[in-house]
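Engineer: Mind having a look at this structure? Questions to follow.
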Amino acid sequence: MGIFSIANQHIRFAVKLACAIVLALFIGFHFQLETPRWAVLTAAIVAAGPAFAAGGEPYSGAIRYRGMLRIIGTFIGCIAALIIIISMIRAPLLMILVCCVWAGFCTWISSLVRIENSYAWGLSGYTALIIVITIQTEPLLTPQFALERCSEIVIGIGCAILADLLFSPRSIKQEVDRELDSLLVAQYQLMQLCIKHGDSEEVDNAWGDLVRRTAALEGMRSNLNMESSRWVRANRRLKALNTLSLTLITQSCETYLIQNTRPELITDTFRELFETPVETVQDVHRQLKRMRRVIVWTGERETPVTLYSWVGAATRYLLLKRGVISNTKISATEEEILQGEPVVKVESAERHHAMVNFWRTTLSCILGTLFWLWTGWTSGNGAMVMIAVVTSLAMRLPNPRMVCIDFIYGTLAALPLGLLYFLVIIPNTQQSMLLLCLSLAVLGFFIGIEVQKRRLGSMGALASTINIIVLDNPMTFHFSQFLDSALGQIVGCMLAFIVILLVRDKSKDRTGRVLLNQFVSAAVSAMTTNVVRRKENRLPALYQQLFLLMNKFPGDLPKFRLALTMIIAHQRLRDAPIPVNEDLSVFHRQLRRTADHVISAGSDDKRRRYFGQLLDELDIYQEKLRIWEAPTQVTEPVKRLTGMLHKYQNALTDS
């Protein structure tokens, strides 16, 4: 396929984007809005953003969700701007500097919250800055300006959502159904690999792939939840299926690890059962039936605990999977599974990374302010706005540098494209609403094609072009103003890029160490006799951290294996029959305190001291378990955990 070719699957979204832009433009001018450009720009960004992220037409609900986030972010930003202006209107420089800090603060929060919701916080940061900069000459018009911006943005979002509904958005339900079947077959094949106890690299690749697919399925669940209220029951089942899928991975990998020291635990009966190849979910269903009969015949005590747990989790997976596909009423048996355990949310391991993002955004905005005041350039405010936009949106993404490059390419492409519209097309079409709408529809259509291909600069070109062409009411054509706006965008993007290059993000290794220590803390916290604490489901949070670790350190198998071993230790100790008495309960609290000190330690020396203390306490704990005659189901996992911590002590304590 050629570089400028148009694929059939890209046409529908391109038409959808063109329709959203035309609707926003028509409504903006029909109702005599002062700046219809904001409505058009909002419609374009809300519609095109999810398509750029997805690399194609987004699924149903994605545009609506992004629109809601934009509304929330805009309102938060407007309220913050009003508070800042009312408090500091007599000190304009201080007011702008506080806005720069606010933009940095919002970027800091957006780096800590879920990535799906980070857009709202990033937007609220630069919205306040836009308002404060725009009203510099007429501060008394702030409330009116904020209200106009909010209303025009809501109109733009409404147009994007309406266009999405008009062109029958894709439902993700069929993809979810197919992935559920495929995932169960892959889980069975992973257990086959683990029982064969073959090549460790093959097993690592298999479970790593399943972790990614389970994370992707959780993302599909979020999309399905946004799509329609009729999928509420399916959404509840999919939440439980996420935990079950992670449980299956954990039990399979533990089966592999057990065979390193005690291969005789896996009997020939189960080895023969798992030798049967499976291709479809029906094959897996038949095999599970056979296994349940064998377990009933041999008895639970004669069945390895990992296999027993795996068969139970796979059976529950099958039951809930049928419910998701049919979307029928939840049965009593399903309700029992769904009411299982409260899911625990884990604290973010990226606090240092978030602080780097805060300084990058704050410093780049302050640098833009100084540049504006020093040069007195009429479009310095435009450069400042672009700095805030780029840094606020780029920081949350895995590669901020590439996002900046995308914006630079986009603003450079917007200069000749905007020039064509400003000098030729708009002056000749402004007397006819039909021709004006058609001219912008053509722009939206062709950029919509490129956005779906994730063409570098396409998203930036769409936003930058709409931002600099004259779409105000009334239209005024001042070439110097157009050139200033276009150059301001380019300079702003370049200044943001320079700051990102200068303020290096060296938090990667620290984040990795914090993540590994959080795995250790989770394993230690599982040693408890508290009934409420034992019922807490930390598995989704732990695998979410493992997924982050895999993204931060691709190909670093020792780190992944260590993290997975800690997850296995957590699950095994959580279910272990620890003797209930006051002596052990007090010591459990001491172990948790020491593990927390390891995570929060500010220096390597403190961390090593607390980690050494934790190892000593674990040795004492093993002695206490011997005194209280704890069963092997408790002593073996604790011994295995202590051995792992001794082995990887340097990796867990050194920065």
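Placed from the backbone N, Cα and C atoms, the Cβ positions cover glycine too.
In case it's useful when we look at the structure, here is the feature table from Swiss-Prot:
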type	residues	note
TRANSMEM	13-33	transmembrane segment
TRANSMEM	38-58	transmembrane segment
TRANSMEM	69-89	transmembrane segment
TRANSMEM	93-113	transmembrane segment
TRANSMEM	121-141	transmembrane segment
TRANSMEM	152-172	transmembrane segment
TRANSMEM	370-390	transmembrane segment
TRANSMEM	407-427	transmembrane segment
TRANSMEM	431-451	transmembrane segment
TRANSMEM	459-479	transmembrane segment
TRANSMEM	482-502	transmembrane segment
Engineer: Let me check one thing: do the transmembrane segment (121-141) and the transmembrane segment (370-390) come into contact, meaning three or more Cβ pairs under 8 Å with sequence separation of at least 6?
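Structural biologist: As far as Cβ distances go (cut-off 8 Å, pairs 6 or more apart), the transmembrane segment (121-141) and the transmembrane segment (370-390) touch.
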Engineer: If contact means at least 3 Cβ pairs within less than 8 Å, sequence distance 6 or more, would you call the transmembrane segment (370-390) and the transmembrane segment (38-58) in contact?
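Structural biologist: When sequence-distant Cβ pairs are counted, the transmembrane segment (38-58) does not touch the transmembrane segment (370-390), since fewer than 3 lie under 8 Å.
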Engineer: To the transmembrane segment (38-58), which of 69-89, 152-172, 431-451, 459-479 is linked by the most Cβ pairs under 8 Å?
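Structural biologist: Of the candidates 69-89, 152-172, 431-451, 459-479, 152-172 scores highest.
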Engineer: Taking contact to mean 3 or more CB pairs closer than 8 A (sequence separation of 6 or more), are the transmembrane segment (152-172) and the transmembrane segment (482-502) in contact?
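Structural biologist: With fewer than 3 qualifying Cβ pairs, these stretches do not touch.
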